[in-house]
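Student: TrEMBL feature annotations, pasted as is:
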DOMAIN    A:7-194  domain 'Survival protein SurE-like phosphatase/nucleotidase'
BINDING   A:Asp12, A:Asp13, A:Ser43, A:Asn101  divalent metal cation binding site
There are 2 protein chains.
Amino acid sequence: MNHKPLIFITNDDGVRAKGLQKLIETVRPLGRIVAVAPEEGQSGMSHAITMTRPLYLKKVTEQEGLTIYGCNGTPVDCVKIAFDYLLQNGETPDLVLSGINHGANSAVNVLYSGTMGAAIEGSFYNIPSIGFSLLDHDEDADFGTVQQYILPIVRKAMTENLGRPLCLNVNVPNLPAEQIRGIMPCRQNRGYWREVFERRQDPRGHDYYWLCGYFENTEPEATDTDEWALKNGYVSVVPIQVDLTNYEQLGQLKELKFE
Amino acid sequence: MNHKPLIFITNDDGVRAKGLQKLIETVRPLGRIVAVAPEEGQSGMSHAITMTRPLYLKKVTEQEGLTIYGCNGTPVDCVKIAFDYLLQNGETPDLVLSGINHGANSAVNVLYSGTMGAAIEGSFYNIPSIGFSLLDHDEDADFGTVQQYILPIVRKAMTENLGRPLCLNVNVPNLPAEQIRGIMPCRQNRGYWREVFERRQDPRGHDYYWLCGYFENTEPEATDTDEWALKNGYVSVVPIQVDLTNYEQLGQLKELKFE
């Protein structure tokens, strides 16, 4: 019997990403680690699951207390396949971590993010689940600052009675550690991406389009949002739920007579 | 100048799916239609966007008041590329419809669903957006019953002052029309999918896994949810929002001292 906590880790930048390595390195002293991460980058894959082809698992690392697999699926697939396997063997992870993402997952990005898709999926098992993201897309980004905030947040998620499901969306500004002003629990900023596709022609004369765009913050003055926190040097922590019901509109709909 | 409403339509079962054709057929009398739908089935693609390859558009139908394109992206990509194109030409759709999906999108499935991913994306433009799903996976399903409910719901969404963004998740039981008891506005049922992967061996001796599973309804007695509505012969209508903040947990987090 092994009573060290079992920590499940995944990401959306792929099994070889530096952010994944740094996350594993940071929490390794806390327990045994099983990681299943996509073989290829899966940014923007949201909560997608793979239904039309089968999944393969490939063990890429096996050390004392650390096993890492690559999987040809999405981040959510990685969570599902790992949990199916672990639970069949009578093991339930004590913690689910996703990241460290290379790039922000604040505001409505929580919806597009593969990192957060995986963290949300983990929370469906009533296990504390946390997605970590650094506001730096660089493949070789410096994760030193994020690493300092991982353990304090993980410990709170595991020890405080915050109810279940529990899923935290943590974003860290791309700043030297000494310029970070602290951890700020906050709400998801409102606002949306507006598209600007870039049109090009392929060598055979067909138009093709690259998805680009910009984020339109529809409440730039609000000071209790993740966008504000990050712009002002705080680590943002947004607790995430998945009841998408708009209760105000539900009340209005109940008053309507549908002919 | 053409003052007929502009209706944008997409789906996740692909541009050739019967459900898409039936949706177009039903709302065609209401206005001009532009449809952009995935070339291939995109079930389970959630809110995924395509970031690592460019998108192509292929016109598949052009008739008076109806243009249909196939796109090699996800349902959300289809919304984004259509809006970019339409808005550049000074056109804003008056309505966004997604479906009719072959299969249910009730409860937490709203999160995995490509149909609902597209409808949610449409609502980001403050345009009434509705996803329609029929509880029948059959490729040749009978959409006659759904079709009777589309126009009453569309009219309410377009004429009532329900606020913006407005996104409705509509599911229709697989029943003859005379057995449907009416339209029921309701909330998203709680509960989650539990995985049961099916393991097989490929001809080269490698294990592979098919994603299967079952839905665990964690509140089977609740009578105000979409699951209950559908089991009891109602058309379920859940208004959808995308603020994923769990405000109760946010309050608790604010009380914590992160060391």
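Yeah, the Cβs are placed from backbone N, Cα and C, and that goes for glycine too.
Automatic, uncurated: that is what TrEMBL annotation is.
Describe the structural context of each listed feature in the structure shown, including burial, neighbouring residues and relevant distances.
Tutor: DSSP assigns A:Ser43 (divalent metal cation binding site) to coil, not to a helix or a strand. Around the Cβ of A:Ser43 (divalent metal cation binding site), the number of neighbouring Cβ atoms within 10 Å comes to 24.
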Student: Neighbours of the divalent metal cation site A:Asp12, A:Asp13, A:Ser43, A:Asn101: Cβ within 8 Å of the Cβ centroid, same chain, sequence order.
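Tutor: Same chain, not in A:Asp12, A:Asp13, A:Ser43, A:Asn101, Cβ within 8 Å: A:Asn11, A:Gly14, A:Ala17, A:Gly19, A:Gly41, A:Gln42, A:Pro75, A:Gly99, A:His102, A:Gly103, A:Ser113, A:Gly114, A:Thr115.
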Student: If you draw a 10 Å sphere around the Cβ of A:Asn101 (divalent metal cation binding site), how many other Cβ atoms fall inside it, taking every protein chain shown into account?
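Tutor: Total other Cβ atoms inside 10 Å, all chains included: 32.
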Student: What three-state secondary structure does DSSP assign to A:Asp13 (divalent metal cation binding site)?
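Tutor: The three-state answer is coil.
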Student: Within 10 Å of its Cβ, which one of these binding-site residues (A:Asp12, A:Asp13) has the largest number of other Cβ atoms?
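Tutor: When each Cβ's neighbours within 10 Å are tallied, A:Asp12 tops the list.
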Student: Sub-8 Å Cβ contact with chain B: please pick out which of the binding-site residues A:Asp13, A:Ser43, A:Asn101 have it.
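Tutor: Filtering A:Asp13, A:Ser43, A:Asn101 for a Cβ under 8 Å from chain B leaves A:Ser43.
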